[in-house]
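Trainee: Annotations for this protein, taken from Swiss-Prot, read as follows:
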- Thr44: site 'Part of a proton relay during catalysis' (SITE)
- Thr45, Ile203: pyruvate binding site (BINDING)
- Tyr107: site 'Part of a proton relay during catalysis' (SITE)
- Tyr133: active site, proton donor/acceptor (ACT_SITE)
- Lys161: active site, schiff-base intermediate with substrate (ACT_SITE)
Amino acid sequence: MITGSLVAIVTPMHEDGSLDYPRLRSLIDFHVAEGTDGIVVVGTTGESPTVNVEEHCELIRTTVEHAAGRIPVIAGAGGNSTAEAIELASFAQEAGAVAQLSVVPYYNRPTQEGLYRHFRSIAEAVELPLILYNVPGRTVADLSNDTTLRLAEIPNIIGIKDATGSIDRACDLIERAPKDFALYTGDDMSAAAFILLGGHGTISVTANVAPRAMHEMCAAALAGEALRVREINGRLVGLHRDLFCEANPIPVKWAVARMGLIESGIRLPLTPLSSASQERVLLAMRRAGVNV
């Protein structure tokens, strides 16, 4: 099981929106050097809705190849079509990802039984370990804890990224889930509490900007060092908040560009960060000790 701080890595783009693979390779090196515990590529923060299938597959391939075993790579491979999700999962397995992150189908609003059958079908078709991704704020459909626990009985469904931010739901899963079922939060603001309560890690937006601090905070939380967690997280709270002052990944891509790690390219319908929001994010970065 991968524990700790897994970065939901941004997808570097040139100003014209074309993908910047050299910068992606540099970002991978940056995260290896900073102690990040894993990389999730082509997820929400990686702008998965606006990359085409060929680009999606190439981003997975490039990340796995350049990581070269130095850091685990989890491939974003979900979708609202079960058949297409299976195709992406199959490619991720062939490319050498250690697992796939599969989002709850969006827009078509399946029932709990539909969600169960969707994920079961992917797991039966592709052996690659599957991490469920529940983010009802984006998908509308909400994978219930009961359905999650049904899915946890399937051998290669190995965990969940719960981006609800609900500590009540997290505690219920921590209490009822199998001990080898990985529990990740997708909510940076509650990540410290989530891990201290028994979660295994976070799939983090903040880790794009403060990877060392997120790694250290998660390590302290996993060790039960609450005072150390409080100290580190106190510096990061502004980032947890202000990296969502506009729709993710608009603020975090601006922040990573401000650090000089990528260009500021982003694809429509997402637009560049407003001037007022830039001031907020820059202040949060400085308070977190980011060198900008």
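Sequential numbering from 1, following the chain as shown.
For all residues, glycine too, the Cβ spot is worked out from N, Cα and C.
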Trainee: Among the recorded positions Thr44, Tyr133, Ile203, report those whose Cα falls within 10 Å of that of Lys161 (active site, schiff-base intermediate with substrate); none is a fine answer.
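Mentor: So the list reads Tyr133, Ile203.
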Trainee: Including all protein chains displayed, how many Cβ atoms other than that of Thr45 (pyruvate binding site) lie within 10 Å of its Cβ?
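Mentor: Other Cβ atoms within 10 Å of Thr45 (pyruvate binding site): 25.
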Trainee: With every protein chain in view, how many other Cβ atoms are within 10 Å of the Cβ of Tyr133 (active site, proton donor/acceptor)?
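Mentor: Tyr133 (active site, proton donor/acceptor): 27 neighbouring Cβ atoms within 10 Å.
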Trainee: Only counting partners 6 or more residues apart, tell me which same-chain residues put their Cβ under 8 Å from the Cβ of Thr44 (site 'Part of a proton relay during catalysis').
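Mentor: Thr44 (site 'Part of a proton relay during catalysis') has long-range Cβ partners Ala8, Gly76, Val103, Val135, Arg138, Asn248, Pro249.
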Trainee: When the Cα of Tyr133 (active site, proton donor/acceptor) is compared with the Cα of each of the recorded positions Thr45, Tyr107, Ile203, which one is closest?
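Mentor: Closest recorded candidate to Tyr133 (active site, proton donor/acceptor) by Cα: Ile203.
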Trainee: Residues with Cβ closer than 8 Å to the Cβ of Ile203 (pyruvate binding site), same chain and 6+ apart in sequence?
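Mentor: Ile203 (pyruvate binding site) has long-range Cβ partners Leu6, Val7, Ala8, Val40, Gly43, Leu101, Lys161, Tyr184, Thr185, Gly186.
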